[in-house]
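Residues annotated as domain 'CDC20/Fizzy WD40' in TrEMBL: 74-363. Under the heading repeat 'WD', TrEMBL lists 120-161, 202-234, 332-365.
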């Protein structure tokens, strides 16, 4: 009996939790609190839970602010005001190539030095398109006479010339050592820069080819033309594998998403004004949005699911969009002519735009910080494009 009187009133098998219960506190009320319930009264009549109150009291996440003015403006005398040309491109080595009348100039973004790469005035020709190779060593130059010239930017020498088009070359696209050129003669030609041999001749457009873009994996080539058609080609067929005819004006603006395989964006001219999105894996249209003005160029951000568009008649603006909601993140103005030319910096943060007002304007529109992860809900069809 003596041993039983010394037994503790409450015993737990875990010795670390061993404690004595005071019989005088059995019917005494006490509010149990923890660190998450600070400043929360048990007698509060608020319908909000402590977690909701804590969320409301936390500071709001500040939205990213996109500067409304360019951080640099360069003069570009004789920059042509022609919707069908592509006269500006930014290399992976941070050098900007600009076609001005009969010459191509190189602007080094690291040193701000300007050099002239070539002058076609002696050939009575003008520049109609420029495009850097992937490694940034060579510049392809398309001319009004239908010639594609390849120039070595390190030595300022022409390495090869392809005089195979019968009209001006307004669009160029590299794929490794091959250069693809789209012309007013309605054809797309593939030429290997390591030889003078013509590889392929693609016939699918009924009017001038004004847009050419390779997919990130270099397997599909998208082409846009003045015939209002968007075509998709692969490397083995001589005929387009997909044809999209929803646009009602010339298709120059073309951009492949670097985030979702097979996602292609295209923009129509003055009579169309729409940005359309396509799933090239299923050959289906995803969505479209009326921008209210001529769509001249499109480019995706490398780091987030955003894209930028440049416009002509009648607003001459630059718009940054959030995909897939297509909410406008920023609307930038400053050009007094159509914003016909667009290139993205190698770091993916800045863009340069060119217009017939003979200026090049540099803008900070993208960020390297990745956007919030999209919902994984089965109802979000855009996440299923893989």
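Note that the numbers count up from 1, one per residue, in the order the chain is shown.
In case you wondered, yes, glycine gets a Cβ from its N, Cα and C as well.
Automated prediction, rather than curation, is the source of TrEMBL annotations.
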Outside the repeat 'WD' (202-234), six or more residues from its ends: residues with CB under 8 Å to it: 83-84, 86, 167, 170-176, 180-184, 186-190, 240-245, 247-256, 258, 261-262, 264, 266, 268, 272, 278, 280
Residue distribution over DSSP helix, strand and coil in the repeat 'WD' (332-365): 0 helix, 19 strand, 15 coil
Local confidence of the prediction over the domain 'CDC20/Fizzy WD40' (74-363), expressed as mean pLDDT: 96
DSSP helix/strand/coil residue counts for the repeat 'WD' (120-161): 3 helix, 22 strand, 17 coil
